[in-house]
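K.L.:
This is the feature table in Swiss-Prot:
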type: SIGNAL; residues: 1-19; note: signal peptide
type: CARBOHYD; residues: ASN30; note: N-linked glycosylation site
type: CARBOHYD; residues: ASN53; note: N-linked glycosylation site
type: CARBOHYD; residues: ASN72; note: N-linked glycosylation site
type: CARBOHYD; residues: ASN114; note: N-linked glycosylation site
type: DOMAIN; residues: 119-301; note: domain 'FAD-binding PCMH-type'
type: CARBOHYD; residues: ASN314; note: N-linked glycosylation site
type: CARBOHYD; residues: ASN329; note: N-linked glycosylation site
type: REGION; residues: 453-495; note: region 'Disordered'
type: COMPBIAS; residues: 456-480; note: compositional bias 'Low complexity'
type: CARBOHYD; residues: ASN461; note: N-linked glycosylation site
type: CARBOHYD; residues: ASN465; note: N-linked glycosylation site
type: CARBOHYD; residues: ASN478; note: N-linked glycosylation site
type: CARBOHYD; residues: ASN514; note: N-linked glycosylation site
Amino acid sequence: MRLTRALTPAILALPAAHAAASLQDWQSLNTTLDHRLHAVTPLALPCFSIYNNHSHAPNEDACLNIQDHYTNASYRVDQVSAYVFSQSETCSPIPSQQCELDPSDPSNPAAYTNISCNTGSLPAYYIDVQHASDVTAAFHFAAKTNTAISIKNSGHDYNGRSSGPGSLSLRTRTLRSTTYHPSFTPASCKTPTGKAVTLGAGVNFHEVYTFAHENKVTFVGGSGPTVGASGGWVLTGGHGVLSRAYGLGIDRVVEFELVTPDGEHRIANACQNADLFWALRGGGGSTFGVVLSSTHRVEPEAPLSLAYLALPPNASSSTSAAFLDLLVNYTLPWAEDAWGGFGNAAATILATPLLSLPEAKTSMATAIDFVTAHGGTGYVETLSSFYEMYTKYIVPSASAVGSVRFNHNWIIPNSLFATASGQKKLRKHLDWMGSVGLVPGLLETTPYLYSGNGHGRSNNNNSNNSSTSTSTSTSSKNGSVKPYAYGGKETTSSTPAWRNSAAVLIAEVGWAFNATLSEKKALAKTLVEASERVRELAPGSGAYANEAHPWVEDWQDAFWGGNYRRLADLKKKWDPKGLLGCWHCVGSEGEGKKETGTAWRAEVVGGKCLGRLI
């Protein structure tokens, strides 16, 4: 009786199309899982007196605690029903389909007074995955009942792929083991890949950077402290500050442990299940299986040079535009010196593991002169390790979360940076973005110098020097960047555009918790227009699926280029029943798919947020 009372409310909350699984089905699954199946309720529910249009008793103490932590990323990733970007919790086109506080002021009573807290796009139930058998049970349940499965690692997906109304959520954050290998040989392989770390699927960058530092090595990862290192980041590409010299996440991962949709517990690497390994190295999350752990090569801990460039807050628009011009002009020269990081018209932070302090100062001299001449701050310093950069610069710059954010990105080919005419076209596009209220940024995080078996480029053979370059080749100072045999033209499946690019252009839009439908549509249309314009500027390039908006046209080509056909074939091989599906993921074409990540679509029909916002 106790189990029935616990599960029934969530069953009753599901729309008809997601009630194919009976109460008996859910109870049977709960028994299989040793009573570890739990209902999902909205994070902010304790603040509301109405839930799904029925009376509900608020909990003031619980509400105050939620309000205190509502915009904290570390708090959110550890909450079952919280996502870093709140579009994953809502059906954006329908204001009533949400249970949100005001992220600008979580104590604002206007968000929850006399308003119904509705389930939105949250899953129905979740499992805290502890063993491979948990995932096997979930896949068997999904095959029997036609229930959608969503996979939640840290919940950072801009497209809401890790949520889904009525779905069964597999939460992997609880898998947090860490192992350091002085020398690692993948299963069934004969050749070791060198120093490596094996990470449970739930380990995030803050945790792995700390662990790596304790073992005097460097993990090459992303900039979001709470992003999972084994989730969508590495499965889709995975870029970061050190990618210039050491490659993307997909270049560095040497083995995955996962459960495939047939329920089998597998190891995938270059020596066994090699086609699956290829698909996992860029084919996207929530597509080919549920990752339990991943193993990545690491670098020795070593000093790096950091450049900090910031204009004063009162900088004129013309000064900001000139600074953005400088970033465009120096993207290629800085890429030659392995400078990696992020820049926009206000500030830039870059780091390189290849230059000494005097060399770094020479490389950055023009930029430092510019910002200091305009009343800003510019300097270069040596840090003892990437971990010092992470703790000193990345952690303090982490922004508040819990609001709606949609991203646009396009990988800009070297050819646009290499000529004066290309730079002019790009700057004209950046000016247009500013004129419509977007804040363009450049991610200097492509694998520009990474070299391996025919892809990327060695810094002993750079042929794209811009006429604006004042730096010398890193090869004369540091030798060539270490080539890795695990690289190679055919070994990863993300968009090939990564291999011929020096930067990624990004922008984002967001809206308030109480934004009207017309306001949402206007912002979304602006973002879409920006992506269409830059695609015309750089046709044949691609986008990073993790940081793309949900309205990308011809997304198969944009996200995977010529790799898509093989990925689609492998999707049919490894998931013939289509038990895993998500928005704009491999194999998601067609109607009637069990997709996650539909939270921004236009109307709720049969339990799904369907149609188009724009």
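We number each residue from 1, going along the chain as drawn.
Every residue gets a Cβ built from N, Cα and C, even glycine.
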K.L.:
Quick one: give me the count of other CB atoms within 10 A of the CB of ASN114 (N-linked glycosylation site).
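P.N.:
Summing over all protein chains shown, ASN114 (N-linked glycosylation site) has 9 other Cβ atoms within 10 Å.
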K.L.:
For ASN314 (N-linked glycosylation site) and ASN72 (N-linked glycosylation site), what Cα-Cα distance in Å is obtained after rounding to a whole number?
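P.N.:
Answer for this pair: 29 Å between alpha carbons.
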K.L.:
What Cα-Cα separation, expressed in whole Å, is found between ASN72 (N-linked glycosylation site) and ASN114 (N-linked glycosylation site)?
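P.N.:
A Cα-Cα distance of 26 Å.
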K.L.:
Within a 10 Å radius around the Cβ, which one of these glycosylation sites has the most neighbouring Cβ atoms: ASN53, ASN72, ASN329, ASN514?
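P.N.:
Of the glycosylation sites ASN53, ASN72, ASN329, ASN514, the most buried by Cβ count within 10 Å is ASN329.
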K.L.:
Let me spell it out: for each of the glycosylation sites (ASN30, ASN314), count the other Cβ atoms within 10 Å of that residue's Cβ, using every protein chain shown. Which one has the most?
P.N.:
ASN30
K.L.:
Report, in whole Å, the straight Cα-to-Cα distance of ASN514 (N-linked glycosylation site) from ASN114 (N-linked glycosylation site).
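P.N.:
Pair distance, Cα basis, whole Å: 14 Å.
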K.L.:
Spatially, and counting Cα to Cα, which of the glycosylation sites is closest to ASN514 (N-linked glycosylation site)? Options: ASN30, ASN53, ASN329.
P.N.:
ASN53
K.L.:
Mean pLDDT for the domain 'FAD-binding PCMH-type' (119-301), rounded to an integer?
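P.N.:
Looking only at the domain 'FAD-binding PCMH-type' (119-301), pLDDT averages out to 97.
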K.L.:
Distance check, please: Cα of ASN30 (N-linked glycosylation site) against Cα of ASN53 (N-linked glycosylation site), rounded to an integer number of angstrom.
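P.N.:
Between the Cα atoms of ASN30 (N-linked glycosylation site) and ASN53 (N-linked glycosylation site), the distance comes to 28 Å.
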